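Inspection log for the structure reproduced underneath, given as structure tokens.
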């Protein structure tokens, strides 16, 4: 039962729910939409980094190497790796007095 369709009223014995007819198609649709929204929100929180990276960069994994000779591919890989190696060794040390 959806929380949106329940009405709690204080009576002598405590709190009870007086719910409208649950076979109403609008109530069923609202319940399904609410459950789907909750599931999607949980998945978004769990996989936020993966999803945002996928949307930002798309499905591309790098430049296409189709039709490029293997020797040129290897040369390109070495250039990319050397560029990464240079970046990894470049740090700035700051000393506070």
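A Cβ is built for glycine as well, from the same backbone N, Cα and C atoms used for every other residue.
Transmembrane segment is the annotation Swiss-Prot gives to one range among 2-22, 23-43, and that range is 23-43. When secondary structure is read from DSSP and collapsed to three states, residue 82 (phosphoserine) falls in the helix class.
Its own atom aside, the Cβ of residue 82 (phosphoserine) has 10 Cβ atoms within 10 angstroms in the protein chains shown.
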